[in-house]
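So the structure is just underneath, and the comments pick up after that.
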Amino acid sequence: MDHSEIDVETSPLTAADAQAVHRLARAAEHVDQVAPLSEQPLLRLLDAEAPTTHLMVRAADDLAGYAQVDRGAPGTASAELVVHPFARHHGVGTALLEHALELMDAEGRVLSVWAHGDLPAARSLAARTGLVVVRELWKMHLPLDGSTSTPESAPAAPLAPGVSLRAFRPGEDDAAWLAVNARAFASHPEQGRLTQTDLAARVAEPWFDAGSFLLAERDGDLVGFCWLKVPADQPQDAPRVGEIYALGVDPSAQGLRLGTALTAAGLDRLREVGVEVVELYTEGDNTVAIRTYTAAGFTRATVDVQMARPSDATA
């Protein structure tokens, strides 16, 4: 089928549509062994206030493809898309991507697209639409069963004098955490833009545990954090997985080796709650973070890539 003949629907999602997106994402993950959509798009499926555009290609009784465009940053936009395994090689992905590009061109926005797992099909789609890789996001992992070098065999990473750790207090620490997060990730296009609404959505998730959201304080001021995530619905016959969900240090506390100390504290907490494999995501060009995590025993597992048109990447 010519992709120009495919009907791409752009409209807010109904509750039934949101359920269909979840089914579509699960079907693709089952085949590809990589989740096609990250957490943020899934949290925003029914968020009428979110600056997002939803694109759908419908099949007879379900979705053949879905894309979400995040228009929250001035002059730019970021998209994620997924095509059902039964609908691949029929132009669905091309239709979704080209429609998204046309919409953002009309708004004067530069569009980039995430490909989770950097799969051959995504690379092929990018080549057909003239996109090139402009950014890498590494997924790193660490078994806590002793099969690799872990912090248990490395020197301890004590907190700097005057720095203490405590658990996050929902509703009390929100503003302070959002401020530190924005400063720590000032150059990060997603993490640094988190809002109170974004934080509240995550606190409401089944996996949230305030005891696994560690805050570092100095003289009563928040200077760093290590937020951990242990998904609630894990299979019983597989190793229990936990994630260093977000780790940040306020610029005012740089030089205190807080990143190393927070990583060690996070790993200790994950051991306490029975995690056997730890995952995290970090920018491929963040040499400081990669060095910290590598020293803790992490290795690169997979790579997500963000792609854009060459002219946009150099603009």
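Placed from the backbone N, Cα and C atoms, the Cβ positions cover glycine too.
Record features (Swiss-Prot):
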| type | residues | note |
| --- | --- | --- |
| DOMAIN | 8-145 | domain 'N-acetyltransferase 1' |
| BINDING | LEU81, VAL82, VAL83, HIS89, HIS90, GLY91, VAL92, GLY93, THR94 | acetyl-CoA 1 binding site |
| DOMAIN | 163-315 | domain 'N-acetyltransferase 2' |
| BINDING | LEU247, GLY248, VAL249, ASN286, THR287, VAL288, ALA289, ILE290, ARG291 | acetyl-CoA 2 binding site |
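Features recorded in Swiss-Prot, as mapped to the structure shown.
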residue	record	Cβ contacts under 8 Å, 6 or more apart
LEU81	acetyl-CoA 1 binding site	PRO36, LEU55, GLY65, TYR66, ALA67, GLN68, GLY93, LEU96, LEU97, ALA100, VAL113
VAL83	acetyl-CoA 1 binding site	ALA28, ALA64, GLY65, VAL92, GLY93, LEU96
LEU247	acetyl-CoA 2 binding site	GLY224, PHE225, CYS226, TRP227, GLY259, LEU262, THR263, GLY266, LEU280
VAL249	acetyl-CoA 2 binding site	ALA184, ALA216, VAL223, GLY224, LEU256, LEU258, GLY259, LEU262
THR287	acetyl-CoA 2 binding site	none
ALA289	acetyl-CoA 2 binding site	GLY259, THR282, GLU283
ARG291	acetyl-CoA 2 binding site	none
Overall pLDDT of the domain 'N-acetyltransferase 1' (8-145), taken as the mean: 94
When a 10 Å sphere is centred on the Cβ of HIS90 (acetyl-CoA 1 binding site), how many other Cβ atoms does it contain? 17
VAL92 (acetyl-CoA 1 binding site) has how many other Cβ neighbours within 10 Å of its own Cβ? 26
Sort the residues of the domain 'N-acetyltransferase 1' (8-145) into helix, strand and coil with DSSP and give the three counts. 50 helix, 43 strand, 45 coil
Taking the residues LEU247, GLY248, VAL249, ASN286, THR287, VAL288, ALA289, ILE290, ARG291 listed for acetyl-CoA 2, what is the greatest CA to CA distance in Å, to the nearest whole number? 15
